[in-house]
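> Take this structure first; my questions come after.
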Ligand SMILES: Nc1ncnc2c1ncn2[C@@H]1O[C@H](COP(=O)(O)OP(=O)(O)OP(=O)(O)O)[C@@H](O)[C@H]1O
């Protein structure tokens, strides 16, 4: 069963760092098994001595011992659960962290394939299920396996025939559990997959509530929800039928085992091979043996659910980004130089998003990228940030191949700002510093003032401690853009990419943003993508794209002066500001 193996492999990888706790847990298992199995033996000794006339004080001593063991035993059972749960939480918290980092290091294709709802389901819900698996695996399987072995040793010690019979019974029960588990695991995987799809659907629709209402698509959305829920119920019903089959099989097996043990004991008693106290002890151990097997069964449903989630976690961990990290660090000591050399790129086979694009920017130069929608402007910026790698051609930053650069240093040196600024559920300070405590308040306020956000900041009830909420608290689209600029100043990149930042702004806010841009772009290389020609006033060179190919490039002033250039015609058609 590959899923179970995958789970064990995962467990083993994480257990390596928890060896002392693991050793402690095994000690608790051994003591607990000893306490649980010694009780019936004490009782047997009591029964053997009950008719002896000189055994009064011995019987009191045995009874006290029995009581003592009965009192301590639950404490160790509790300790067993506590240590196992603790160990499991430590492992799964680490796994949750590793999974989050793993998802964050994926390329853009990954984000397109897995909607946020599905990822939350995997990183959080699946890992919680896995936590249950680990703790149940440790307590129900390993702990109970200790107990089964302990009981089996004692039964063999009492009589080899009883030992053999119960060993056969344990083996048949475990094989039956194993078989039923293999049969039902795919049903639980289906349930989990369906749940992931349902959550993905819900997350997407909730994020698009405004659009759904505006287009009167509520009924369509509800139909989609009902369809998915109905499918989930069907899959859950099938999985529950398997649980029922497993449980019924085990009940039959237990009844047969008790009957066989009693029959054999009575037979041995008739042969005078054992006394009546031993008959009782054998029966006691047979019932005690059922208990760990039953507990394994009790947890089976959760284990089946968990093995489904383990497959999904392992599948997620096996996805590796197509973007390979480089080793060279990009030191930013000023504006960066950039070169695209014959770059071609396609998202999918048969379609070409960019074809043989070549251009270069000297440090401090500003390029204006223009072109119709779908012409490939954003694709250029995505290649530059290494969300994808081009199939042909190379990109160089400061004369170093992009693929040779350390990704973290590259993404610290190149900042992309688009119209969707992410405002976090955090304070103004945290939204600007992105939780970097080393940045002083004075520095933050100084930047806000330079960007023209001083009035907005002074109106905040708690200053930098005011909490911002996405879409709320008086932050207009323009102010959100300025907040993104403030973040850029603090990270101090050598190249800034502005993707359509002013397209949703009114003319007054756009003017305000333009003033802030003067300050932002000082001593930085930049690429500006804009439909609004006012924003292009500041660019040095222009590159016009059409269907992924460059149809024109040159100095902005020269192109604007040439009445036959695409750029000049765009200016004319746009009937907007003169860009000279
Ligand atoms: N993730 C993607 N998967 C497949 N094709 C894509 C993807 N993103 C973009 N494309 C396609 O690549 C081409 C270039 O898209 P791109 O977003 O770069 O254009 P753009 O000029 O930035 O458009 P806009 O001005 O509308 O943002 C388009 O044909 C687009 O449909």
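The backbone N, Cα and C atoms fix where each Cβ goes, and this holds for glycine too.
The shown structure was predicted, so the numbers you read here are calculated from the model rather than taken from an experiment.
According to TrEMBL, the protein carries these features:
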| type | residues | note |
| --- | --- | --- |
| DOMAIN | 23-305 | domain 'ABC transmembrane type-1' |
| TRANSMEM | 25-46 | transmembrane segment |
| TRANSMEM | 58-79 | transmembrane segment |
| TRANSMEM | 137-158 | transmembrane segment |
| TRANSMEM | 244-270 | transmembrane segment |
| DOMAIN | 338-572 | domain 'ABC transporter' |
> Against which stretches of its own chain does the transmembrane segment (58-79) lie, if we need a Cβ under 8 Å and a gap of at least six residues from its ends?
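Sequence-remote neighbours of the transmembrane segment (58-79) are 28, 31-32, 35-36, 38-39, 42-43, 45-46, 49-50.
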> Are there residues at least 6 beyond the ends of the transmembrane segment (25-46) whose Cβ is under 8 Å from a Cβ of it, and what are they?
59, 62-63, 65-66, 69-70, 72-73, 76-77, 79-80, 83-84, 87, 138, 142-143, 146-147, 149-151, 154, 277-278, 280-281, 284-285, 288
> Kindly state the mean pLDDT of the domain 'ABC transporter' (338-572) in the predicted structure.
85
